[in-house]
Amino acid sequence: MSHPYSPSDLILPDFTPNLRSTSEVHAWNGIASFLVMFIIWRISGRSPRKLSKTDRWLMIWWAVSGLIHIIHEGYWFFSPEFYKDKSGNYFAEVWKEYSKGDSRYASRHVAVLAIEGIAVIFVGPASLLAMYAIAKGKSYSYILQFALSLVQFYGSSLYFITAFLEGNKFACTRYFYYSYFIAQGGTWLLFPALIMIRCWKRICAACLLLDHKTKVY
């Protein structure tokens, strides 16, 4: 059966179309994300450390980010033939839908496979560790967040650059190009960049304070 992806000559044997509508896929994604956000916000609000709102939002970011890497991207990484799924599996439906904006997920493009493999195995678990570090006020919190954000920013940069170098031909329509490839993909550039700036300032301030104390004593 023919597929909706670009380029049209992409070979996907036994392709099975989505059994769920686009709105249904987005609705389930939204519900799951909101539930995680709600739980983390409530838990962080009861922390004896009296976390700032920024730290609480960062905990949400790392929780959602980590779960996406481990669960959503983990499913894709270990399910090379998700596009054949006939059961209506939620995760298969998500990736069939997202592939309309970037068919490299359906074709298992080596660049995407490498980037997502690192995200699934390393970045996902480390993101949950970053959430824990913020909650407990661990000394490694800022350096861990900076390192993770740098990896996410670098991986997302490669994600976009490799697509551009190959002619930006992987979205089936301009709508999916901008809403999926650009908007959703760009999230992994914007938020990591903002977190890196914040962590950089905090780390530099801590180093200056340490230098000052060293000179005093």
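Cβ coordinates are placed from backbone N, Cα and C, and glycine is handled just like the others.
Database features (Swiss-Prot):
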| type | residues | note |
| --- | --- | --- |
| TRANSMEM | 25-45 | transmembrane segment |
| DOMAIN | 54-196 | domain 'EXPERA' |
| TRANSMEM | 58-78 | transmembrane segment |
| TRANSMEM | 110-130 | transmembrane segment |
| TRANSMEM | 143-163 | transmembrane segment |
| TRANSMEM | 177-197 | transmembrane segment |
Which bits of the chain, at least 6 residues beyond where the transmembrane segment (177-197) starts or stops, bring a Cβ under 8 A of a Cβ in it? 58, 61, 98, 100-102, 145-146, 148-150, 152-153, 155-157, 159-160, 163, 168, 170-171
Near the transmembrane segment (110-130) in space but 6 or more residues beyond its ends, with Cβ under 8 Å, are 62-63, 65-70, 73-74, 76-77, 102, 104, 141, 144-145, 148, 151-152, 155, 158-159, 162
